[in-house]
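Here's the structure we're looking at; comments come further down.
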């Protein structure tokens, strides 16, 4: 023990996020009182963020295998085969707590961390996406948080040189004290040149690469495993500071060294920094690790072993190197102006030993440190089943046209252009479809292939019925990829929930996970990577359950992708899928009728698969001219989005007599698409869809400058566009009154 270390007291243990029984487990495991640095290491490795101790037993139920899956969960990122010797590497991860405390730096380092996860595997990043959840617009912090987070996401991605091509932005009062910043990165690699974290070989040099270590981010992972309270602002020093230009240099240096025969294993320093990366590399390779902290490059004087082991300074890597390749490897990193230091060696001892100033500061069993964290099967109770809201029991507050104008200009449904125009979404020159559509499409260089990318979840559904909400999040990602012509291949998940020690919250988690598993199985859409973020609560008030789903699909020919914009006048508008007029948990019911209630729409996975496969086939056959899936806001909002994107109106038939008009136009039934076709193809389309028992009905024709529903007031497309595009920039400029989401 270092003479300057504090004594290990119950209060010190508790301040490290360890429960009394967890500390007793440590005492039994190592047979003595831990040193201060060892306590910090256990705190980092055994917290929720790193160990998944509350979620791991439930994550085992997710489907993770398919013939095209090269690497599933357990590595830095998932890897899927897209043919021709190419692989896609991708993952999504949260940076929620830091982004609430320090929105700009929290968001930048969230982007930087997920980019490192991808290029650590040997992939060059080609795209980023994000899912951002903010509090009610009227909350005094919301505008500041939106501005900081969006600037941070854009600032890092733009400077690093990767396009940010899509995502989600939502507002809800349940995120007032805990915003969510979920970042997804996608990269391309050679399928036979994937790099992994497991070390191999005894007495192999362990090399520190990248930027110097400072005191920023200490206990960042532990902070991410606890609730917030009124003193959360005091945790600002635990937020890391990002440097996208250093990360760009690190990327190029790593990819260059990966072209040599130098690398045995590589791991980025993310949560828990040097501790987690060193322990994982050794434990995965059944090896011990000896580190000498005197060799670690630091940017601050007098850093202790505790600080160096727990720092989460950014833009750093740890690599196990072939010993005869040291000079070659060092020359590469020096060329890029980066630190290169041999800080340790692999050993056969199965021990994690850390020295500083000639003293042994840490001597722990490495496998137990990595894999013996407590595993909890926490009590959980199912969410109460909510009654179905029958459409005929909902009195329409507004005429259909007025309701459309109101909805299209709400925080939930308005254009998020103000956000994505701050991102460089075309850098690299491979972005085929930009933000604002169903899914982004990015060209795969050196060939005709494209990737369809999306991020989706509907938290209000997950709150009302976790199982159906989990299913719907996956199904919508699958639909969005399908709507641009992609073949859905795999997902990454980012599971954001409240305090798992509350049975009702754990019940939400379990229910959503079961729904995700059911949908992934039915749609052949495996989970290959992900992240769990728990304790998203402030003063006991939790967020909406938000299991963000990042989906990746493949287009054999990116030039055959579909988009949502109406293309020409006089085309037939078809509604594919069954419409019952489901209003429970709809945006219409909440924002027009002031009722946030009812069961969400059920998800028929067989119908999702059948309808989606048919739509994708029509896209590939060149039968359809525009495609859009129907989600938030229902049929009429989707039609308005198509009209605004194309600058062309539509003449629409009245709602069928069997369904009340507001339910027909604004219900959020699932497994539905709108497509447009040439009149000459109409009969053949109906014939094909009837043969495979896919519901389809013509609902109108494109043309003119208005959305004109029979028997309703017509709405000019430009007027809709104004409301659609105005709300968010007006809000950020302080030009709109906010008293919460309208009529809530």
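Glycine too: its Cβ is placed from the backbone N, Cα and C atoms.
Record features, source Swiss-Prot:
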- 49: active site (ACT_SITE)
- 95: active site, proton acceptor (ACT_SITE)
- 52, 91, 493, 530: ATP binding site (BINDING)
- 93, 531: Mg(2+) 1 binding site (BINDING)
- 117, 268: Mg(2+) 2 binding site (BINDING)
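On the structure: features taken from Swiss-Prot.
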| residue | record | Cβ within 10 Å |
| --- | --- | --- |
| 49 | active site | 26 |
| 52 | ATP binding site | 20 |
| 91 | ATP binding site | 29 |
| 93 | Mg(2+) 1 binding site | 25 |
| 95 | active site, proton acceptor | 30 |
| 117 | Mg(2+) 2 binding site | 28 |
| 268 | Mg(2+) 2 binding site | 28 |
| 493 | ATP binding site | 31 |
| 530 | ATP binding site | 27 |
| 531 | Mg(2+) 1 binding site | 24 |
Residue among recorded positions 49, 52, 117, 268, 493 with Cα closest to the Cα of residue 531 (Mg(2+) 1 binding site): 493
Shortest C-alpha distance to residue 530 (ATP binding site) - which of the recorded positions 49, 93, 95, 117, 268: 93
Euclidean distance between Cα atoms of residue 91 (ATP binding site) and residue 117 (Mg(2+) 2 binding site), Å: 8
Local backbone state of residue 95 (active site, proton acceptor), from DSSP in three classes: coil
Additional residues around ATP, ordered along the sequence, whose Cβ is within 8 Å of the centroid of 52, 91, 493, 530: 59, 73, 92, 93, 492, 494, 495, 527, 529, 531, 532
For residue 268 (Mg(2+) 2 binding site), the one of 52, 91, 95 that lies nearest, given that the recorded positions are compared by Cα: 91
Cα distance (Å, whole number) from residue 49 (active site) to the residue listed as 'active site, proton acceptor': 11
ATP binding residues 52, 91, 493, 530: largest Cα-Cα distance, in Å and rounded to whole number: 17
Reduced DSSP assignment, residue 268 (Mg(2+) 2 binding site): strand
Where residue 117 (Mg(2+) 2 binding site) falls in three-state DSSP terms: helix
Spatial neighbour of residue 93 (Mg(2+) 1 binding site) that is closest, considering only the recorded positions 49, 52, 493 and their CA atoms: 493
Cα distance (Å, whole number) from residue 493 (ATP binding site) to the residue listed as 'active site': 15
Per DSSP, three-state class assigned to residue 530 (ATP binding site): strand
